[in-house]
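Student: My structure is below; once you've seen it, I'll send some questions.
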Amino acid sequence: MVEEGGEEEAEGESAEMPAAPLQRFNGFLPGKEAAGGGEQPAPAAPAAPAAPEAPEAEAMLAAGGGRAEARLETRLSRRRLAVLAVFSCYSLVNAFQWIQYSILSNVFAGFYGVSFTQIDWLSMVYMVAYVPLILPATWLLDARGLRLTALLGAGLNALGAWLKCGSLAPQRYPLTLAAQAVCAVAQVFILGLPSRIASVWFGPTEVSTACAVAVLGNQLGTAIGFLLPPVLVPNTPNDIDLMAHNISIMFYGTAIVSTLLFFLAGVVFEEKPKYPPSHSQAVLQTKPPEDYSYKQSIINLFRNIPFILLLISYGIMTGAFYSVSTLLNQMIVTHYEGEEVNAGRIGLTLVVAGMVGSIICGLWLDYTKTYKQTTLIVYILSFIGLLVFTFTLDLGYLIVVFVTGGVLGFFMTGYLPLGFEFAVEITYPESEGTSSGLLNASAQIFGIVFTLVQGKLTTDYSPRAGNIFLCAWIFVGIILTALIKSDLRRHNVNSGIMNLDVKAVPVDSPVEPESTTLKIQSAL
């Protein structure tokens with residue numbers, strides 16, 4: 001693996017950062033901190049091997065604000081871009097497989113001879129599978145690591161795609177449901193990775209943008225899922241054989257692409273880069289593995305009131321997006337009969353606008369670190385966007401629906417990476433995969449409930465009734481978001497404001513003199 005700055009690596013330095021010296025440093029030089037700007041800290045032990053490292057340690061002293069502190073060496077790996085690209089691509093295919101049935105709900109209902117509700121379950125199975133499997137999946141991510149989790153996601157995604165190829169007959173709805181369930185399990189190993197990949201592989205000035213790009217891959221898959229299926233599979237109710245042929249093109253193409261991406265994931269993914277990309281990651285790597293407790297991490301998260309508020313508000317917003325995406329075809333064809341292709345294009349507009357919103361929000365967070373303010377503003381604008389979309393849907397002008405759908409998507413979909421990154425900030429040093437997994441579990445639960453209720457209201461009354469139901473819940477989410485206390489722990493560690501000795505389990509044994517649970521460094 002090629003590393004930037006590899007030419008300057010010290011001879012004999014291993015790929016893994018040594019645990020013992022890092023523990024003693026606890027993110028800083030031995031002796032905690034220097035008494036003065038030019039004074040060198042006393043070594044923690046008089047061991048001879050420490051002497052040659054002293055000049056290098058001195059070189060790492062960060063002089064500023066009248067104090068001296070030494071940070072662990074951090075570097076950015078060139079492989080990080082390949083990891084992000086491959087993950088985004090197979091996340092794209094997984095999202096495409098989620099929405100490909102819903103955007104053609106009338107076509108697949110006719111092909112398989114089932115009701116619209118049964119077709120809706122081909123989307124909702126993603127949400128149903130996620131809830132019971134997210135805790136085992138996040139445990140696996142923490143216990144076995146990023147590489148295995150990524151390979152499971154990519155592999156199951158390919159397996160589900162190939163199983164769909166066997167469901168190309170009108171009486172095989174159970175098989176296509178089973179295949180979609182496999183893809184839904186793959187999603188459990190995909191949705192929680194953006195913030196983990198961003199934190200483990202990217203530096204503090206690009207971490208939010210990287211998370212946004214990782215989420216963008218999933219959004220792009222949804223966008224392509226809105227656009228491509230209506231083009232590949234036009235509604236031909238009088239020619240089932242032609243319909244089966246068109247569906248086969250979509251299914252086999254998806255299977256081939258997802259298989260290729262599985263092999264690429266095996267080549268590209270590694271557990272972590274040779275050097276940590278940020279000080280917060282370097283501090284996390286000082287914690288011995290035996291000190292970590294997944295159970296205690298979950299307990300810590302559920303005791304974190306700001307995270308609980310974010311958990312509910314994120315679930316409301318993302319669940320509303322899932323519901324709108326699933327029922328978009330039904331909403332459009334209710335007012336614009338025979339406009340299946342344009343329904344797909346409106347969905348594409350919604351998601352592409354959201355992709356732009358995600359990148360802009362990611363760049364903005366990296367530049368300003370205003371997590372709560374940005375999240376709250378985007379939440380309010382999403383509420384306004386949904387209100388406008390709701391009351392202009394039946395005006396009879398598709399161009400208006402395109403515009404309002406784009407505005408809605410810009411804010412509603414652009415919110416997704418904001419929630420991930422905000423959660424990582426207020427829950428550090430807990431695992432990014434666990435916090436993201438719980439956020440997604442909340443989104444799936446709300447998504448199931450919202451889709452069922454909105455679908456019922458849309459069928460029995462009108463699309464407006466279903467959308468007003470969502471508006472009421474998003475207003476509740478605005479209130480909850482406003483109550484979140486913004487405690488940017490990861491940012492404080494990266495800035496040198498806070499030195500955290502990371503322990504997920506309370507330690508009963510006496511604390512070593514050079515270790516503190518929480519130490520606020522004076523800015524004076």
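The backbone N, Cα and C atoms fix where each Cβ goes, and this holds for glycine too.
The model shown is predicted, which means the values in this text are computed figures rather than measured ones.
Just lifted these from TrEMBL, have a look:
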type: REGION; residues: 26-50; note: region 'Disordered'
type: COMPBIAS; residues: 40-50; note: compositional bias 'Low complexity'
type: TRANSMEM; residues: 81-101; note: transmembrane segment
type: DOMAIN; residues: 83-489; note: domain 'Major facilitator superfamily (MFS) profile'
type: TRANSMEM; residues: 121-141; note: transmembrane segment
type: TRANSMEM; residues: 148-169; note: transmembrane segment
type: TRANSMEM; residues: 175-195; note: transmembrane segment
type: TRANSMEM; residues: 207-229; note: transmembrane segment
type: TRANSMEM; residues: 249-269; note: transmembrane segment
type: TRANSMEM; residues: 305-324; note: transmembrane segment
type: TRANSMEM; residues: 344-364; note: transmembrane segment
type: TRANSMEM; residues: 376-393; note: transmembrane segment
type: TRANSMEM; residues: 399-424; note: transmembrane segment
type: TRANSMEM; residues: 436-453; note: transmembrane segment
type: TRANSMEM; residues: 465-484; note: transmembrane segment
Student: If we call contact 3 or more Cβ pairs under 8 Å (sequence gap 6 or more), are the transmembrane segment (399-424) and the transmembrane segment (344-364) touching?
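Tutor: Answer yes, regions in contact.
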Student: When each of 148-169, 376-393, 465-484 is checked against the transmembrane segment (249-269) for Cβ pairs under 8 Å, which one has the most?
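Tutor: The stretch I would name here is 148-169.
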Student: For the transmembrane segment (81-101), could you work out the same-chain residues 6 or more beyond its ends whose Cβ comes under 8 Å from its Cβ atoms?
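Tutor: Counting only partners 6 or more residues beyond its ends, the transmembrane segment (81-101) has Cβ contacts under 8 Å with 108, 119, 122-123, 126, 150, 153-154, 157, 160-161, 164, 180, 183-184, 186-187, 190, 193-194, 197, 201-202, 210, 213-214, 216-222, 224-226, 228-229, 250, 254, 257-258, 261-262, 264-265, 268-270, 325-326, 347.
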Student: Hey, does the transmembrane segment (376-393) touch the transmembrane segment (305-324), meaning at least 3 C-beta pairs closer than 8 angstroms, sequence gap 6 or more?
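Tutor: Taking Cβ pairs at least 6 residues apart, the transmembrane segment (376-393) and the transmembrane segment (305-324) are in contact, with 3 or more under 8 Å.
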Student: Between 0 and 100, where does the mean pLDDT of the domain 'Major facilitator superfamily (MFS) profile' (83-489) sit?
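Tutor: Residues in the domain 'Major facilitator superfamily (MFS) profile' (83-489) carry a mean pLDDT of 85 in this prediction.
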Student: So are the transmembrane segment (465-484) and the transmembrane segment (344-364) touching or not, going by 3+ C-beta pairs under 8 A with a sequence gap of 6 or more?
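Tutor: Contact criterion not met.
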